[in-house]
Amino acid sequence: MPETPPSQTQPSQTQLRRAVSSSFIGSVIEYYDFLLYATASAVIFNKVFFSSLDPLAATVASFGTFATGYLARPLGGVLFGHFGDRLGRKRMLVLTMTLMGVASFLIGLLPTYDQIGSLAPITLVLLRILQGIAVGGEWGGAVLMSAEHATSRRGLWASFTNAGAPSGMVLSTAVLTGTGAVMSEQAFLSWGWRVPFLLSIVLLAVGLFVRLRVTETPVFEAARDAAARNEAAWTPAARRRKAPLFDVLRNHPKTLLLAVGVGLSAFVAQGTLTTYLIAYGVRAGFPRQAVLNGLTLSSALAVVGIVGCAALSDRVGRRPVVLTGALLMAVFGFVLFPMVNSGSTAVLTLALVLGQSILHPLMFGPLAALYTELFATRSRYTGASLGYQIAGLGAGLAPLLFAQLDASSGGGGTTTTSMIIAASCLLTVLCVLALRETRGQDLTSVAVVAPASGDVPGAAKPSSA
């Protein structure tokens with residue numbers, strides 16, 4: 001049955017501002033916790049949770065625990081997406097933030113391998129899985145909160161959720177770096193690394209205060225009211241067929257697969273630039289602080305890049321921006337490691353800025369709006385979350401795969417790594433070409449964007465405001 005457009009329930013500018021602020025702040029806090037683990041896995045956890053292994057093996061093991069968080073993200077997307085499509089976006093966002101904050105706080109209390117043996121890394125993995133489930137449910141709801149409140153410039157407003165990722169990286173890296181700077185290396189590895197994780201409980205309180213002030217999206221409320229009128233006559237079998245996950249997998253599998261392919265290269269690049277390159281740079285002879293400083297700078301600039309590229313996609317379309325980024329990143333994958341191997345801190349920093357602040361945002365910036373526009377309201381939270389989080393496996397598995405390749409080659413040669421980055425970019429190019437432009441898609445429409453070229457059925461005029 002068609003979904004009723006919420007013409008009578010247009011969002012106010014006040015609620016739009018609150019929704020965007022809530023999505024951005026919530027995303028910063030979630031990714032502070034999630035990406036704090038990424039940095040810690042590259043420079044700390046290999047020493048405190050895998051101290052019985054040699055350095056390369058410890059790094060691989062540490063990246064393995066890091067990857068489990070990404071493996072759990074699709075589960076979070078399905079779980080929170082299902083209930084978010086049924087009960088509302090706001091309720092799920094409160095739950096995801098609470099789950100993430102508590103899991104991160106508990107990591108800060110976790111004993112090390114030297115204290116409790118193998119139980120330490122096992123518990124670390126379990127807490128990382130909880131982090132993955134939380135962030136898997138967070139992204140879709142936060143993006144929809146902004147996109148479904150927006151009446152124009154959807155790419156710009158939705159992108160603030162994605163901008164929360166590098167903002168969280170800046171915050172987590174700055175706190176971790178600052179903590180390490182005020183104490184000795186021994187004290188930092190003994191207890192200082194715990195401080196950034198324990199601060200998560202304070203950020204949780206701030207985030208919940210902001211998030212609880214936002215109303216449910218008008219688009220969802222209209223769809224829920226329409227569904228309530230129709231569902232009374234449904235049989236139990238019909239209700240099961242209308243379950244959001246069932247709807248996406250049964251009726252729109254090709255759209256889901258294309259969505260995964262569109263986002264994959266952005267996540268492979270993200271995992272390479274923000275996680276693997278930290279360990280690679282330190283092993284190449286750079287001081288840990290120099291690598292973290294470069295990462296902090298590039299992450300800060302990436303916030304501007306993501307928002308700017310998303311705003312550009314409101315003007316020229318999602319497809320041209322993502323295509324440009326994927327093609328440039330494919331080439332940059334072969335330039336990145338020679339730049340790091342130059343031994344120059346300035347060149348290392350330039351490599352991080354080029355990759356994370358300019359090229360990656362071209363692919364990543366438009367994704368929030370694009371994923372939102374691919375699915376109808378009744379299954380949008382589930383479909384967008386599932387596509388995004390399956391693609392997100394690239395960010396978790398890429399550092400692990402590249403570390404294993406590095407270990408098997410004895411620390412020499414990065415050609416295979418560069419080829420994998422380029423291959424993921426080629427897949428993105430093919431998937432983007434297979435999708436229709438989504439910029440003008442009407443979010444109140446029951447239609448789903450078909451995987452073909454041409455005009456979007458039922459689309460509104462592209463907004464240029």
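Glycine too: its Cβ is placed from the backbone N, Cα and C atoms.
Database features, via TrEMBL:
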DOMAIN    19-440  domain 'Major facilitator superfamily (MFS) profile'
TRANSMEM  31-50  transmembrane segment
TRANSMEM  56-80  transmembrane segment
TRANSMEM  92-113  transmembrane segment
TRANSMEM  119-144  transmembrane segment
TRANSMEM  156-179  transmembrane segment
TRANSMEM  191-210  transmembrane segment
TRANSMEM  256-279  transmembrane segment
TRANSMEM  291-313  transmembrane segment
TRANSMEM  320-340  transmembrane segment
TRANSMEM  346-371  transmembrane segment
TRANSMEM  383-405  transmembrane segment
TRANSMEM  417-435  transmembrane segment
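Model confidence over the domain 'Major facilitator superfamily (MFS) profile' (19-440) stands at 88, taken as the mean pLDDT rounded to a whole number. If you count C-beta pairs under 8 angstroms between the transmembrane segment (256-279) and each of 191-210, 346-371, 383-405, 417-435, the highest count goes to 383-405. Take the transmembrane segment (383-405) and the stretches 31-50, 92-113, 191-210, 291-313, 417-435: counting Cβ pairs under 8 Å, 417-435 has the most. The transmembrane segment (417-435) makes no contact with the transmembrane segment (92-113): fewer than 3 of their CB pairs lie within 8 A, with pairs spaced 6 or more apart in sequence. Counting Cβ pairs closer than 8 Å and at least 6 residues apart in sequence, the transmembrane segment (92-113) and the transmembrane segment (191-210) reach three or more and so form a contact.
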